[in-house]
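Novice: Below you'll find the structure I mean.
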Amino acid sequence: MAATKIIDAPRNGHEMAPLNTRARGDGTHGVTIVLTAPQRNSVQSVDIPGNEPERAAWSGKMQFFLSIIGYSVGLGNIWRFPYLCQQNGGGAFLIPFMVMLILEGIPLFLIELGIGQRMRLGALGVWNTIHPWLGGIGISSCIVTLFVALYYNVIITWVFFYLFNSFRYPLPWSSCPLNGTGFELEECAKSSETTYFWYRTTLDAAPSMDEPGGLKWWIVLCLMLSWTIVFFIVMKGIQSSGKVVYFTSLFPYIVLTIFFIRGITLRGAGAGLMHMYTPKVEKLLEPTVWLDAATQVFYSFGLAFGSLIAFGSYNTPKNNCVRDVLLVSVCNAVTAIYASVVIFAILGFKATVNVDRCIASNTEILVKNKLLGLNDTQGYEQAMNQLNGSEFVRLQLSECSLAHELDNAAEGTGLAFIVFTQAIVELPGAPFWAVLFFTMLLSLGLGSQIGILEGMLCTLFDIDIIKRVKKQHVTGVVCLFCFIVGFIFCTGAGEYWLKMFDSFAGTIGLVVVALMEMIAVIFIYGHERFTEDIYQMTGYRPGRYWQWTWRYIGPVIMVCILVSSVVFMVIRNPTYGAWNADLGMIEQKSYPNWVMAIALSMILAGVLPMPIVFLMRSFQCLKVDLDIHQGSIRRNETTASTKEMIDNDDDNMSPDMPPQDSLAATRFTIGDFEVSCASSWFERLMATIPRSHDPDPVTCTSLNTLKLITRFSALLSLCSRVHFSLVNVRIRTYRIRI
């Protein structure tokens, strides 16, 4: 008997393998149609004449670890987690945070990192390889990542502006500017020095989104600088960005340590830490606390952007991704807690200084009204307690409360650019601390932005048409496009647009993508197969904890986050904080209808590609194959692409093939899912195909029957493990050309 030959010919990834393949070692004979990635070199990039390198690889373990730390540990650890701790029970919030980290964050983290390392493809290629119907997941992930990259770099733009102003002495936000008569500007006097500098000097904030005003040239220049730096960092992929991560990942820890040493020595630091970490256990009974914890874990890891899949794809096949996931998870959680200690130690100092100023101001008023002796520092509390409410208002006294000052801690841009900058002003040598702080924010922002863009570009380069273009050119086009679109953030309504993007573009879409990723890997690719992949790569077989979180707990948590996000978006009228210059404060306004239409369009743009690709490919409407998973269907345990379905050797049966009337003869696998087909209707379907008793294979002439067989095969590949054992079916060798 002649052996079956394998021809390594490039295919489009949709062919079906010949039905007679080599016998297995266990004596069974099966047909295998395996969805897998094209053969890639796993250690370093291989130069092919006339082409770009097939696949880049990390130059070392440290480069990979620092890259993923720089991506996962971002601005949210600095200005989001401390605020959530303060608002959701102090130290008690660490309980739901750790629970969600274990049940949601770590399992999904391993799915993305592990499947990327196994397939050695970007997000688009991975999901097409698992099944062509799932290709929309990669497209949705890429679109949502684009939206987030647009506004994330604007934050870096603002950091640059503050960094440049930090070299001035005194700091420009340390005092209010004066008008022509020598008095402080009314807008600054009604708010504060740091608030005025943020809304008027930096943003030149508009009164609403309907009146955005023109472009602010200083913001445009800083935005151009931001995208230029990002371009030069990522233009060569990990070959260029991998060198920058040594700074962007390590420098924030150096700065945090410096601030920690300085912070705990300041007056009032203990009060700030006690206020933050004093546990309020009763808060754990509120469902929103657990929802906030789950949401924080999800976004702090940077899940569903495709970046973790891209980072994993650059690893060697034998890299211990389980150990990497655990180390990064612990590092992420510890960094968030560590940053919270630093932030609230310094905010405690700021609150103490403000309380002392408040007491001094009240004392001056009481002395002026002869309610307190000139040097009577001990009688302040007694004098304040003797005043009734009307006298308190008449004298224009202020309430001096340390707890009240600490409760005013903000989140996001408010914490970084208003609250913390005010604390920096109080420190001796304020410009030095300002430069350190904003350089740290810059490195954190760049680290995350590098990861976001790397995930998006890796997805784009899974498309064969784009793969033929130099990476520098594609990266340049993407950065130029983002810079031009970013002009909407350079108007007076720039901050309002950023909050709208943050609230709508990167929320529902990411959660849906993450949920579909978990379903695709665990229920379509198969949790048993993925477990075996992890074992083959690491030598560790995931046990019950992983199986339960992958199959049940993780999807339930993701569904809860998705449902609650949609419900809150519907029942709560979406608003944004607009700056009122006359009152010197923020007032909430509803989004205009045309803005809500844009927000809805962004949500749909991030979600619709998944059902659209599913329907188009399931009904064979998608005629153009962009070769995003070339050779992804191949013989099991071979490295050659699927050969032409017409092969004269296909009918040469293996000598150790079991009898045709045995059950083993009817067992085959589709996508590595073992199937024993014996249903009567399938037997009748197979009987409709013309057969030939000649050595040469016969050609299938019925187009309708061909479509039925093709769809039936695709349906089987979506099943986790389907076993039909009603009757045995004799399967002969067919030649099928699609």
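Note: Cβ is positioned from N, Cα and C throughout, glycine not excepted.
Unlike curated records, TrEMBL annotations are generated automatically.
Feature table excerpt (TrEMBL):
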type	residues	note
TRANSMEM	64-81	transmembrane segment
BINDING	GLY70, VAL73, ASN77, SER300, ASN332, LEU444, SER448	Na(+) binding site
TRANSMEM	93-115	transmembrane segment
TRANSMEM	136-164	transmembrane segment
TRANSMEM	217-238	transmembrane segment
TRANSMEM	250-277	transmembrane segment
TRANSMEM	297-314	transmembrane segment
TRANSMEM	326-347	transmembrane segment
TRANSMEM	432-453	transmembrane segment
TRANSMEM	474-498	transmembrane segment
TRANSMEM	504-527	transmembrane segment
TRANSMEM	548-571	transmembrane segment
TRANSMEM	591-616	transmembrane segment
Novice: Taking the center of the Cβ atoms of GLY70, VAL73, ASN77, SER300, ASN332, LEU444, SER448 at the recorded Na(+) site, which other residues in this chain have a Cβ no more than 8 Å from that point?
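Specialist: The answer, listed by sequence position, is ILE69, TYR71, SER72, GLY74, LEU75, GLY76, GLY302, THR335, GLY447.
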Novice: Near the transmembrane segment (504-527), which same-chain residues lie under 8 Å Cβ to Cβ, leaving out any that are not at least 6 residues past its ends?
Specialist: 108, 111-112, 115, 127, 130-131, 134, 137, 140-141, 143-144, 147-148, 151, 298-299, 303-305, 547, 550-551, 554-555, 558-559, 561-562, 565-566, 569, 599-600, 602-603, 605-607, 610, 671-673, 717-718, 720-721
Novice: Between 64-81, 250-277, 432-453, 548-571, who has the most Cβ pairs under 8 Å to the transmembrane segment (326-347)?
Specialist: 250-277
Novice: Taking a Cβ cut-off under 8 Å, which residues six or more beyond the ends of the transmembrane segment (591-616) line up next to it in the same chain?
Specialist: 133-137, 139-140, 143-144, 147, 209-210, 500-501, 503-505, 508-510, 512-513, 516, 574-576, 622
Novice: Flag the pair the transmembrane segment (93-115) / the transmembrane segment (217-238) as in contact if three or more Cβ pairs fall under 8 Å (sequence separation 6 or more).
Specialist: no
Novice: Do we see three or more Cβ pairs under 8 Å linking the transmembrane segment (297-314) and the transmembrane segment (474-498), pairs being at least 6 apart in sequence?
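Specialist: Contact between the transmembrane segment (474-498) and the transmembrane segment (297-314): absent, because fewer than 3 Cβ pairs are under 8 Å.
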Novice: Between the transmembrane segment (217-238) and the transmembrane segment (474-498), are there three or more CB pairs that fall under 8 A, provided the residues in each pair are separated by 6 or more in sequence?
Specialist: yes
Novice: Which listed range (136-164, 217-238, 250-277) shows the maximal number of Cβ pairs under 8 Å with respect to the transmembrane segment (432-453)?
Specialist: 136-164
Novice: Cβ under 8 Å, sequence separation of at least 6 from the ends of the transmembrane segment (64-81): give me the contacting residues as numbers and ranges.
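Specialist: Non-local partners: 58, 155, 238, 241-242, 245-246, 248-250, 252, 296, 299-302, 307-308, 311, 314-315, 319, 324, 327-328, 331-332, 335-337, 339-340, 343, 411-413, 415-416, 440-441, 444-445, 447-448, 450-452.
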Novice: So how many other Cβ atoms are close to GLY70 (Na(+) binding site), meaning within 10 Å of its Cβ?
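Specialist: The answer is 27.
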Novice: List every residue in the same chain as ASN77 (Na(+) binding site), at least 6 positions away in sequence, whose Cβ is under 8 Å from its Cβ.
Specialist: SER300, ASN332, THR335, ALA336, ALA339, LEU444
